[in-house]
Amino acid sequence: MTTAPLTRRKAPVSLIAIFVTIVLLAAAPFWASRGTLNMLMEALAFLALAQMWNLLAGYTGLISVGQQAWVGLGGYLFFALAMFSGLPLLIALPVAALLSGLIAFPIGWIAFRLQGAYFAIGTWVIAEVFRLIAAQFSALGGGSGISLSIDVVKSLATSRGARDMVMYYIAFGLGIGSVMIVWLMLRSKWGLAFTAIRDSEPASESIGIRIRRVKFMVYVATAASTALTGGFIFLQKLRITPDAAFSVNEWSAFIIFIVVIGGIGSIEGPILGVILFFTLRSFAADWGSWYLITLGALAIGVMLVDRQGMWSILKSRGVPVLFKTTRWFEP
Amino acid sequence: MEWVNVLIQGVLLGGLYALFAAGLSLMFGVMRFVNIAHGDFIVLAAYLMLSFVTFMGWHPALGIVAVVLVMGTIGYLGQRILLNRVLGKDILPPILVTFGLSIILQNGMMEVFSADSRRVSSGALDVASISLPGDLAIGAMPLLMFVVALGVLAGLHVLFFHTALGRLLRATSDDAEMVPLMGGNKAHVFALATMIASGVVAVAGIMLAMKTNFDPSAGPSRLLFAFEAVIIGGLGSLWGTLAGGVVLGVAQVVGAQIDAGFQILAGHLVFLLILVVRPQGLFARMKG
């Protein structure tokens, strides 16, 4: 039996679609209004967070309700570095993510003592601990938070237009980068391991995958990239408070609903979910609590009807797969 | 003497946490299922008590019975109609469904009761206290709660180990797949377990309503306290949840004594410490 190369049935169409979307998004600062640009930035940051949660939950089965720990930690470390270390902002951002990744080692070691649903709640406790500790740091504004000073912000670029441009391309890099990295990862040896773990843990262990180690590395890697996105989100907001940084609604509920409604365990699912989420939000601006109630009900509905979400429904209606990750074996 | 007082307060607070934890522990024990909306159901029970007693003017005793009945019914039907459909080998659906329920409950209660923080007054009982020799005073309310917690745990103990239903629940806990083969109805047993757990949740919610101010967003932190008490006590151990609740209560009260902002953090840190030192909890009976 030989392994055939990754086959590309209908691949040209999907590749063209991906290419056109990337070009349109890359050119956004030249065609979009400031409002649209801000919305795109937010959507791209959410896409990055959603891809990371999906990698964690959809492929390695680690369901976390505490990813806000890493969004907030990334934001706080970034603010601390930007204000006190004198590092340029564009360096402080990855350094904050790297530090968060290092912190994820001991934190993950503790969280991994819990399994399944208890792991989920355990990650939530850890996020709460981060929030309460952040509120104790008076140098970072304690419970009421802190803003980035004008001088620090201006070091990014002096004019507002140029700043918008720099920030947009960071968001672009995060959103598109997260999709591409997950895609490349899933097509690699690691991807085979993830998919095997997702499909059957005992079977994957029996063919020599060190499940615990793979899961742990994925946990640390997603923590670092979630922190990178978190740093950017608060650079865009220019202000950070413990409640906003470690918000379970914003960084877990929304992200989880996006992935689940869009389709967990696929690359297209989170993309679809982000599009749905932002479309629904533009209609639901004045729904208040009903917006969250609707999202919660949709997520429950997905779990009852089809656990693979909207993407699976579309796929079964003949919509071609955009990001090929499956291999075909020819006897 | 001040520290003895603090310690007593912590132990009594632990009784409330044990009540929070008992329902969570029971559902996990029978169905290997964790209800992320557990805290929000406690708050829902608190709002039901508020509605019956404060808004509709019922007698508190009638209110308590009504809340327990309503919550038990919600629990039975919710398990049969919704949760039984998503329980299975895959742990994702039950987590997501209950997480969705949690968000729906929080925002639904926000719509109905507004974000104002509320409390159910218990009259003179609120401020009554019992003086002990050596400058010690025990509040009547915390003491009553502790006694109620002991009573509920004792009731669950009798139910589990001395009744036919308890035998069925323990059998389901040991091997749920075998229950139908022995002539039991798994869906019905699961629903009964949730019904009992919801009754305990109702009592916990009533206690919450009478002890402190609560608002629609108070659920998640109640879930975390319940969860911590379960893990500290050890999975599957009924009396372990009492020990877990007491450890957590004492940690929080001692933390508050050091610095007012340190109360909740101290509880979380003691929980994480125990997770590192003794991950199976103090009195473990089963594996996660």
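Glycine residues also receive a Cβ, built from the backbone N, Cα and C atoms like all the rest.
Automatic, uncurated: that is what TrEMBL annotation is.
Copied over from TrEMBL, here are the features:
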TRANSMEM  B:6-29  transmembrane segment
TRANSMEM  B:41-71  transmembrane segment
TRANSMEM  B:91-109  transmembrane segment
TRANSMEM  B:143-169  transmembrane segment
TRANSMEM  B:189-210  transmembrane segment
TRANSMEM  B:222-248  transmembrane segment
TRANSMEM  B:260-277  transmembrane segment
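Annotation: stretch B:222-248 has the most Cβ pairs under 8 Å to the transmembrane segment (B:6-29), among B:91-109, B:143-169, B:222-248, B:260-277. At the 8 Å Cβ threshold, with sequence separation of at least 6, the transmembrane segment (B:143-169) lacks contact with the transmembrane segment (B:41-71), having fewer than 3 such pairs. Two recorded stretches are said to be in contact when at least 3 C-beta pairs lie under 8 angstroms, sequence spacing 6 or more; the transmembrane segment (B:41-71) and the transmembrane segment (B:189-210) meet this definition.
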